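The structure appears below as structure tokens.
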Amino acid sequence: MLLSMHGICKSFNGIPALRSASLEVGEAEVMALVGQNGAGKSTLIKILTGAYRRDEGSIAFAGEDVSFNMPAESQARGIATIYQEINLAPQRSVAENIYLSREPRRFGLIDRRAMREGAVAVLRTFNLEIDVDQPVAHFSAATRQMVAIARAVTQKARLVIMDEPTSSLDEREVAILFETIRTLKRGGVSVVFIGHRLDELYRICDSVTIMRDGKTVATGAMAEMPKLALVRHMLGKELAAFEAIAKDADEGAQRPVRLSVENAGAGVRVRNVSLTVREGEISGLAGLLGSGRTETANLIFGADRLERGEIRYKGQARSYRQPAEAIADGIGLVSEDRKVDGIIPDMSIRENMTLALLPKLARSGIVDRARQDEIVASYIAALGIRCTSPDQPIKELSGGNQQKVLLGRWLCTDPKLLIVDEPTRGIDIGAKAEILRLLRRLADEGLGVLMISSELEELLAAADRVTVLSDGTSVAVLPRRELSEAALFAAMAHQVE
Amino acid sequence: ELPKLAQKETYKVGFAQTESNNPWRIAQTNSMKAEAEKLGHQLVYTDAAGSAAKQVADVNSMIAQGVDLIFLAPREEKPLIPAVMAAKKAGIPVILLDRSVDPSLAKAGEDYVTFIGSDFIEEGKRIAEWLIKNANGKSKIIELEGTTGSSPANDRKKGFDETIKTAGGFEIVASQSGDFARDKGRQVAEALLQAHPDADIVYAHNDEMAIGAIAAIEAAGKVPGKDVLVLSIDGGKEAVQAVIDGKIAAVVECNPRFGPKAFETMLRYAKGEKIDPLVINEDKFYDSTNAAAELANAY
Amino acid sequence: MNAFRNTFALKSSGDMARLGVILALAGLILFGALRYENFLSQYNILSFLRYNSMFALIALGMAFVIMTGGIDLSVGGTAAMASVVAALLSPYHWAAGLFGGIAAGLAVGALNGFTVTVMRIQPFIATLATMLAAYGTALLLAGNQSVSVSYDSGFTAIGQDDFLGFPIPAWIALLVYFAGWLVLERLPVGRHVLAIGDGEATAALMGLKVRRTLAAVYIGSGALAGLAGVILASQFGAGQPTEGVGWELFAIASVVVGGTLLTGGSGSVGATLAGALLLAMVFNILNFENGLGWISLSAYWQSVIRGGFLLVVVVLQARLMSRGASEGRV
Amino acid sequence: MTTIETQATAGTVPSGKRFFTLAGRYGTVAAFLALILFNVLFTPNFLSLQTLNVNLTQVATIVIVATGMTLVIATGGIDLSVGSLMAIGGALAPMIFMGALFPVSSMPVAVALAFILPVIATALLGLFNGLLVTRFAIQPIIATLVLFIAGRGIAQVMTNGNLQVFRNEGFQFIALGRIAGIPAQVILMIVIAAIAWAAVRHTVFGRQVIAVGGNEKAARLTGIPVHRVKLLVYMISGALAGVAGLIVVARNSASDANLVGLGMELDAIAAVAVGGTLLTGGRANIMGTLIGALVIQLVRYTLLANGVPDAAALIVKAALILLAVFIQQRAGKP
Ligand SMILES: Nc1ncnc2c1ncn2[C@@H]1O[C@H](COP(=O)(O)OP(=O)(O)OP(=O)(O)O)[C@@H](O)[C@H]1O
Ligand SMILES: Nc1ncnc2c1ncn2[C@@H]1O[C@H](COP(=O)(O)OP(=O)(O)OP(=O)(O)O)[C@@H](O)[C@H]1O
Ligand SMILES: [Mg+2]
Ligand SMILES: [Mg+2]
């Protein structure tokens with residue numbers, strides 16, 4: 001065994017997050033670590049690396065009992081970690097980020113050339129050709145995720161931990177990552193892989209450890225663990241099959257158009273985008289990373305200014321200068337990067353959830369507390385948000401639960417048009433089906449949904465129609481009946497000359 | 001040897017003030033400016049904002065500008081020595097105003113022309129002597145000191161404390177800094193009067209604090225001048241008026257009107273007259289016997 | 001604009017701000033040279049450098065602290081205390097004064113490091129408190145008045161003498177700035193400082209020794225303030241327990257004018273120097289302007305003008321930076 | 001409704017959070033009580049109404065300024081200009097009722113104007129700070145440093161640096177008057193703090209202030225008018241500084257542009273920090289600020305009343321500030 005963690009317990013403010021969890025990883029083994037949102041996966045990892053201190057339990061790594069006081073120590077011992085919330089210094093360059101804390105040196109000084117060349121070389125193995133002197137903040141979530149991965153694999157570690165590394169990657173990049181993992185494995189390196197997309201786990205992992213409520217409930221070889229059993233262990237109950245719930249597109253063709261975007265453009269990222277969202281439908285927006293989906297959403301929402309083309313909402317031309325104006329019209333946006341664009345970390349769940357609703361929740365400037373509590377309680381229940389109380393600061397929630405609160409933030413405003421940018425990112429399989437079902441139900445009640453997703457499976461399952469972007473241009477609109485993985489791929493790969 | 005000053009119709013003179021955040025300094029500056037204007041001299045005025053180091057830099061920039069003579073009101077005794085020496089080296093005579101520099105490091109008549117000013121220790125001593133004669137059985141003193149570390153605060157304390165001690169029978173029950181400011185002086189006096197209700201004398205290092213103390217005494221339900229004697233230094237109009245009103249018992253003047261004497265000394269020096277190393281400003285003393293008569297002359 | 005940016009390799013908005021401060025400095029020097037006689041005289045230049053090297057040193061320490069996202073309000077008090085310590089020790093040997101003063105600064109810096117990293121008190125408050133404590137200690141050591149240095153041990157040479165026709169304090173500042181540049185740009189720890197400013201939690205997760213680096217930065221700032229205090233004592237012949245008021249704001253302003261964001265994570269050593277010189281130049285120019293007789297009638301106008309100047313500089317810089325930021329996106 | 005189990009767990013976990021929130025507040029209160037206990041034991045004549053009176057009247061201006069400062073800090077900003085704005089407010093008021101600006105025809109009207117105009121003026125200067133911070137995206141510490149430097153100069157230029165001495169009962173009521181035996185400035189302080197407290201807790205504006213400080217980008221994306229919120233807090237801070245300036249000059253029967261409000265920014269910020277509001281923004285604890293200011297005042301009083309020499313007092317003050325902040329932070333954590 002390379003790593004064995006036993007009887008790990010950890011409480012936050014007296015509330016247990018881990019109750020006797022364990023994890024064992026062998027040499028050159030790829031171990032899947034799965035569990036619902038809030039099961040304690042990330043916490044277990046952070047205890048291993050020394051980011052958190054454990055209350056109880058023992059950790060042995062490479063045959064020795066260890067107890068790391070800070071990540072620097074575990075890193076020095078050969079544990080490289082990609083944390084769930086992309087963990088890079090945003091203003092430092094890509095090259096610096098890859099080598100931070102173990103910079104190549106000459107005569108004690110940083111060898112900048114070696115650093116730059118090394119960074120270019122490793123990124124090339126990930127098919128990434130970017131200017132490594134640019135600050136990482138300049139790049140999209142996906143690129144940053146790849147940089148974080150590059151950082152981890154260049155550490156010559158014995159154990160690489162990946163906490164949801166694929167949540168913002170598309171298929172192409174996932175494939176590259178998996179190739180990397182195989183290479184690592186061949187080199188005798190072990191990997192702990194945390195993820196919510198079960199198919200991926202089956203593709204890459206040798207074994208699986210399943211956690212529920214802070215405990216390890218099952219482990220075994222991946223091949224011997226049928227999907228249903230895995231899900232049952234995770235949830236502690238059976239999951240209804242992930243059924244296709246989209247309705248036939250023709251049915252909606254006569255519905256009034258809620259939003260139409262015509263030849264919209266701004267800057268260089270959005271060149272020429274046209275799409276429509278009708279009342280009562282879920283309209284998908286697909287594309288490779290960097291195709292400009294997020295920017296398109298920002299344009300519609302007034303977070304960026306429209307420069308070319310036209311946006312019509314309920315038939316009227318609109319050009320919002322502020323999100324506030326879009327919100328007043330009944331539009332909501334669940335953004336892609338919840339840490340940067342979503343949560344107010346120190347605020348409670350209650351206040352985070354009702355932030356967009358505030359103007360409607362107040363009478364002459366005073367917040368109606370009773371109504372607020374009522375609304376919050378109902379959404380916590382409806383979305384199954386796992387928290388100790390609505391007063392808990394949102395930053396203490398697990399990633400997936402934060403995402404649910406943000407979804408709740410917009411749902412409670414009773415929007416007419418909801419834009420969701422990667423709505424199920426980091427959400428466990430149980431909750432994911434629940435969220436898609438919820439979106440569908442709301443659509444049935446008349447809501448128009450624009451769903452951006454990198455998961456084709458999700459689009460296939462939920463969307464009534466998918467607009468495909470490539471390089472900032474809408475290149476195809478696929479109605480429900482023409483939707484298939486192959487069709488989407490073909491459209492996404494389309495080159496605009 | 002001392003640099004010479006050529007005889008001219010008008011001069012370009014520097015005046016390096018230490019700060020201008022209290023009425024006394026402002027009166028001093030105004031007096032210098034008014035006199036320069038009257039005589040037609042060009043005045044290069046700098047304000048060191050309470051920093052001895054900046055004052056040296058100010059003097060250096062005056063030297064760079066090639067002034068004929070520098071009036072320096074040194075913020076402190078020692079740190080201004082380099083300024084005096086730099087001016088001497090550049091051939092510019094210096095006249096010190098109201099505070100002097102360390103006599104062991106720079107000498108009047110040798111490194112600078114002369115020192116025109118008052119003697120802070122003497123001021124403290126004079127007020128103490130008055131008190132010893134007129135205490136009428138009062139003996140418990142609250143002392144409101146000036147800004148901690150400043151030379152007038154140190155000297156006014158020294159002169160007073162030593163004199164009072166030799167007389168015997170008095171007790172300084174509390175001595176705290178009021179920063180030469182009215183508001184701070186009042187706040188400190190309020191706290192001290194509360195902690196020492198038996199105190200019957202307040203000695204403030206300047207008028208502003210004395211006036212603040214009067215407000216504090218009144219707020220504590222006592223009568224200044226009757227229950228508590230208030231003593232002060234500076235002798236501005238407001239303080240002299242307070243003497244007439246019976247609120248301040250006595251105040252030593254520390255006259256800020258340096259202008260006439262400063263420029264007169266400069267002209268005498270230019271003519272080649274011998275200047276005394278020390279030109280002491282005559283400071284008045286006000287108490288109930290003369291305040292009314294002198295009010296008009298107070299600054 | 002783009003060609004221009006490329007020529008000067010101006011990549012980020014920070015570079016634009018740095019360019020701004022250098023242009024402003026050049027402009028101010030030109031203004032002074034044209035308007036005042038003797039502005040560029042050797043005497044003025046040398047005494048300007050001699051005096052302002054203290055502020056340059058403090059600004060450098062502050063720059064590093066600010067790059068980590070912290071702030072050090074204690075520099076003025078530290079310098080005052082170090083000047084007293086140096087003055088008290090100067091009779092024994094000039095080196096005793098020099099290193100004693102630096103050690104005093106180091107001690108305050110270590111206290112800051114301790115309160116910030118171990119007690120986890122926010123830097124603003126931690127250093128505000130140590131500022132008070134440093135002044136208190138200075139006054140206690142000095143017995144409430146300035147302490148004469150020894151004129152016999154050679155201690156005064158540090159602040160008052162020249163070397164190769166250049167004031168020694170200016171040499172010291174130059175050397176220290178070079179070292180600062182080396183540390184920031186060429187040593188790993190410099191990069192770590194910036195990464196910590198980008199986000200402490202993130203930096204810790206990336207395996208940086210956050211506490212140790214932070215402590216080192218505060219100690220460095222303290223030591224530089226101590227060095228400034230030594231120069232203060234030496235140059236003016238006295239340890240001055242009440243000097244240094246407002247130095248922290250001067251240093252912070254220099255750093256910011258030099259294009260460093262107070263939120264941490266970015267910064268430049270050279271631009272900090274330019275920022276310090278720029279702000280110091282304003283005082284020098286005001287003194288010369290007084291000589292012309294226009295504004296000398298009121299000292300109060302000077303603070304209005306200084307505030308106005310700061311306003312102009314930061315507004316211009318904000319403009320430059322926002323332009324830099326918008327063009328920086330590809 | 002992912003799983004039934006999830007809800008069950010959520011329901012059964014004890015709500016211990018409350019206790020720690022309370023403990024967090026308790027930290028400063030504990031420091032405050034310890035100080036009182038010390039004084040009762042060692043300071044002569046501490047237990048008297050006059051002591052209370054002295055301390056409350058002295059702390060009033062700090063609390064008023066610190067209340068505005070709390071809001072500014074909650075948005076992630078800071079306001080260094082408060083002391084200078086106090087000087088401007090304090091310089092303007094006597095100029096108005098003494099007829100230096102325009103002839104006074106009716107004293108009551110002039111006094112009313114002397115209350116209103118200076119506060120409007122400082123509020124506008126606060127607005128100016130806000131504009132620098134929002135429109136020009138200048139960092140708050142530097143944006144307000146401009147008026148910190150220039151503001152006092154402006155006040156000095158207005159008065160030519162001269163002291164304005166006056167007696168005016170109507171105007172001085174704000175500092176010398178009593179309502180039901182309680183000094184007017186104390187009542188003013190309580191009213192202002194109470195309004196701010198209620199605003200933070202119960203109003204949309206309060207929520208917005210905290211959201212802006214917590215994550216500005218996210219706040220904008222939820223439709224919060226970030227710029228307007230910031231402009232408003234700087235304006236409030238400016239206005240409250242103006243009010244404090246009025247109190248100080250009224251109390252002293254004199255306005256001294258050179259000294260009114262000198263160093264107030266540090267006292268106010270220290271009060272905010274000791275009170276448990278993080279300087280990084282995203283929180284606003286008005287009650288904490290009130291207690292923080294009381295702690296600072298009491299420390300000052302204690303040192304004075306016990307005759308601690310100034311130099312030593314500085315050190316003790318430093319240690320006590322650190323200790324209070326430390327206790328307050330620890331108390332919030334397990
Ligand atoms: N810093 C913290 N303070 C308080 N509670 C925390 C903290 N970090 C995690 N928790 C709690 O610990 C539990 C486990 O969280 P963790 O992040 O480990 O979940 P996870 O399994 O990684 O979930 P996800 O799949 O959503 O990422 C959650 O209930 C969370 O609220
Ligand atoms: N400032 C920048 N400079 C250079 N490249 C950039 C910059 N910002 C983003 N990119 C590139 O743009 C792409 C991401 O764009 P964007 O987020 O708009 O696309 P998207 O379709 O929304 O993708 P995602 O799936 O990440 O949401 C990445 O390939 C990234 O490298
Ligand atoms: Mg997780
Ligand atoms: Mg995107």
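Each Cβ is built from the backbone N, Cα and C atoms, and glycine gets one as well.
Any TrEMBL annotation is an automated prediction that lacks curation.
Note that the structure is predicted; figures quoted are calculated from it, not measured.
Listed in TrEMBL for this protein:
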type	residues	note
TRANSMEM	D:26-47	transmembrane segment
TRANSMEM	D:59-78	transmembrane segment
TRANSMEM	D:85-104	transmembrane segment
TRANSMEM	D:110-129	transmembrane segment
TRANSMEM	D:136-155	transmembrane segment
TRANSMEM	D:175-200	transmembrane segment
TRANSMEM	D:231-251	transmembrane segment
TRANSMEM	D:257-279	transmembrane segment
TRANSMEM	D:311-327	transmembrane segment
Original post:
When only pairs 6 or more apart in sequence are counted, do the transmembrane segment (D:136-155) and the transmembrane segment (D:231-251) reach 3 or more Cβ pairs under 8 Å?
Top reply: no
**OP:** For the transmembrane segment (D:26-47), could you work out the same-chain residues 6 or more beyond its ends whose Cβ comes under 8 Å from its Cβ atoms?
**Re:** 274-276, 288, 291-292, 294-295, 298-299, 301-302, 305-306, 320, 323-324, 327-332
**OP:** Output the single range from D:85-104, D:110-129, D:175-200, D:257-279, D:311-327 maximising the number of Cβ pairs under 8 Å to the transmembrane segment (D:231-251).
**Re:** D:110-129
**OP:** Using a Cβ-Cβ cut-off of under 8 Å, list the residues of the same chain that are 6+ residues beyond the ends of the transmembrane segment (D:175-200) and lie near it.
**Re:** 53, 56-57, 59-61, 63-64, 67, 70-71, 74, 169, 206, 209-210, 240, 243, 247-248, 250-251, 284, 286-287, 289-290
**OP:** Using a Cβ-Cβ cut-off of under 8 Å, list the residues of the same chain that are 6+ residues beyond the ends of the transmembrane segment (D:110-129) and lie near it.
**Re:** 79, 81, 85-86, 88-90, 92-94, 96-97, 99, 104, 140, 143-144, 147, 151, 168, 170-171, 174, 231, 234-239, 241-243, 245-246
Subject >> Stretch in D:59-78, D:85-104, D:257-279 most in contact with the transmembrane segment (D:311-327), if contact is a CB pair under 8 A >> reply: D:257-279
Original post:
In the same chain, which residue numbers or ranges, 6 or more beyond the ends of the transmembrane segment (D:59-78), come under 8 angstroms Cβ to Cβ?
Top reply: 86, 133, 140-141, 144, 183, 185-186, 188-189, 192-193, 196, 200, 209-210, 212-213, 216, 229-230, 233-234, 236-241, 243-244, 247-248, 264-265, 267-269, 271-272, 275, 277-286, 289-290, 292-294, 296-297
